[in-house]
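Heads up: the structure comes next, in structure tokens.
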Amino acid sequence: MTKYIFVTGGVVSSLGKGITAASLGRLLKNRGLNVTIQKFDPYINVDPGTMSPYQHGEVFVTDDGAETDLDLGHYERFIDINLNKYSNVTTGKIYSSVLQKERRGEYLGGTVQVIPHITNEIKERVFRAGRETNADVVITEIGGTVGDIESLPFLEAIRQIKSDIGRDNVMYIHCTLIPYLKAAGEMKTKPTQHSVKELRSLGIQPNIIVVRTEMPVSQDMKDKLALFCDIDPKAVIEAADADTLYAVPLSLQEQNMDQIVCDHLKLDNAPADMTEWKALVDKVRNLSKKTRIALVGKYVELQDAYISVVEALRHAGYTFDTDVEVKWVNAEHVTAENVKELVGDTDGILVPGGFGDRGVEGKIVAIQYARENKVPFLGICLGMQLASIEFARNVLGLEGANSSEINPDTPYAIIDLLPEQKDVEDLGGTLRLGLYPCKLTPETNAYRAYNEPVVYERHRHRYEFNNQFRQEMENAGFIFSGTSPDGRLVEIVELQDHPWFVAAQFHPELVSRPNRPQPLFRDFVQASITNKESK
């Protein structure tokens, strides 16, 4: 029988529910259990694909092309599994599905209501996640905060699941906050007590409470919370601020959280062997070298917009005993006059993905600087497109070269719409999304990175390199080192006369793992370290 664990949050958002869920998933996986994990987001958007990164942070793309919440990135990195479209569910998706069924007449003329129709649809998404992956344990994180109007149908659905399949098969974990008041010099449990009271009023009694805190939680305080919240004192788990996210699973294990879960769910698996994970955390805490990478983007004020990129850089650094420091450079501020001042003190330059024209010219200036000064460069998605445009402008002399996305009237559309995108009107869910093959050219940096003739990477784009300019650019030293298997679509480009200048149309950051860095990121960071040492 599949077991179900539900993770809710209270008091404030951004408490780290996702990290808690991912860490528990890692512990259960290391006990030999097949774990899958999903995130329920209460917003009415069908997915975050058209949402601003300022609103939502990064959009994480799965193998099967779902545009999802950034928490799925944490899940994949911690548990080391590839998730699918069933791993992220929104209110918009639920209502869309129910309304389509109503139009097809599947409700036999009945009145369609939140209970049972919406809640049944939510429950079906929970159970489907288990069925599709043949999971022993399904962990479901409920986005938002208990008390939000938007979350109510989800909370009612997960309440019903305990009645449907029995208490031994369901567990509720509530993440909350114990604030520290500096003026009073005290930590306060009252917000947590009220949050649990709110949750219990909805019919859900948490089995474990995970408390986020800046300061250590005393045993007296745990006993007090246990008394008022009606749980075992051992089930009050402290989630103190950690020096690295990857230390969280070890902290939870030290407090026997995974054993409490297994005892409740009647799982008799052996304790998790976290030897390799401990070695990883020790390595992360004792890196002996440093390198500095300039990340030139337009959402740099909100670092969550590039969270997978930053994690992929860190993972690559771990391989070389190196702490990768990211210098955040706002692309809108970069000019030919100040580019050296802004990126000259870094060892490598990275231009990540994005949409729209804001900050584009600054990114192109940064790319030109990397090309002319032999600085290691990695371009991702839009970064690859702009690297192509920069080369066309400044090496081929094609003045005004651009992308038709940025300037529809450009005389040289180096980047243009994919043919199948010409007549697409809807923005949501219509990009080239998900896993596609890429054929690599031998004796290139890309091939050396992967050491494979064909690789599969995740994509999220609408525009593509225009093959009309391919031969001319190739003749000038622009290498097309990765293409679709039929050779039609350009996937990776690099420079002939440069130590390491590689740009990819796909998003390599999405598949990086802390113990298995993505090959392009690994070689980019290695080239940056070499560049630093040669100065």
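Our numbering is plain: 1 for the first residue shown, then up by one each step along the chain.
For all residues, glycine too, the Cβ spot is worked out from N, Cα and C.
According to Swiss-Prot, the protein carries these features:
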ACT_SITE  C381  active site, nucleophile
ACT_SITE  H507  active site
ACT_SITE  E509  active site
BINDING   S13, D148, I149, E150, K188, T189, K190, P191, T192, Q193, K224  CTP binding site
BINDING   S13, K188, T189, K190, P191, T192, Q193, K224  UTP binding site
BINDING   S14, L15, G16, K17, G18, I19, D71  ATP binding site
BINDING   Y54, G354, L382, G383, M384, Q385, E405, R462  L-glutamine binding site
BINDING   D71, E141  Mg(2+) binding site
DOMAIN    292-534  domain 'Glutamine amidotransferase type-1'
REGION    1-267  region 'Amidoligase domain'
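Most buried of the recorded positions K188, K190, R462, H507, judged by other Cβ atoms within 10 Å, is H507. Residue density at L382 (L-glutamine binding site): 27 other Cβ atoms are found within 10 A of its Cβ, drawing on all protein chains shown. When Cβ neighbours within 10 Å are tallied across all protein chains shown, the highest count among the recorded positions D71, E141, E405, E509 belongs to E509. When the recorded positions L15, G354, C381, G383, Q385 are ranked by how far their Cα is from the Cα of K188 (CTP binding site), L15 comes first. Taken residue by residue with DSSP, E141 (Mg(2+) binding site) is part of a strand.
In this structure the residues listed as binding CTP are S13, D148, I149, E150, K188, T189, K190, P191, T192, Q193, K224; their two most distant Cα atoms lie 31 Å apart. Using CA atoms as reference points, the binding-site residues I19, K190, T192 were checked against M384 (L-glutamine binding site), and the closest is I19. Taking the Cα of H507 (active site) as the reference point, the closest of the binding-site residues G16, K17, I19, Y54, K224 is Y54. Closest by Cα distance to K190 (CTP binding site), from the binding-site residues L15, Y54, L382, E405, is L15. Cβ-based neighbour count (10 Å, all protein chains) for T189 (UTP binding site) stands at 20. Rounded to the nearest whole angstrom, the C-alpha distance between Q385 (L-glutamine binding site) and E141 (Mg(2+) binding site) is 36.
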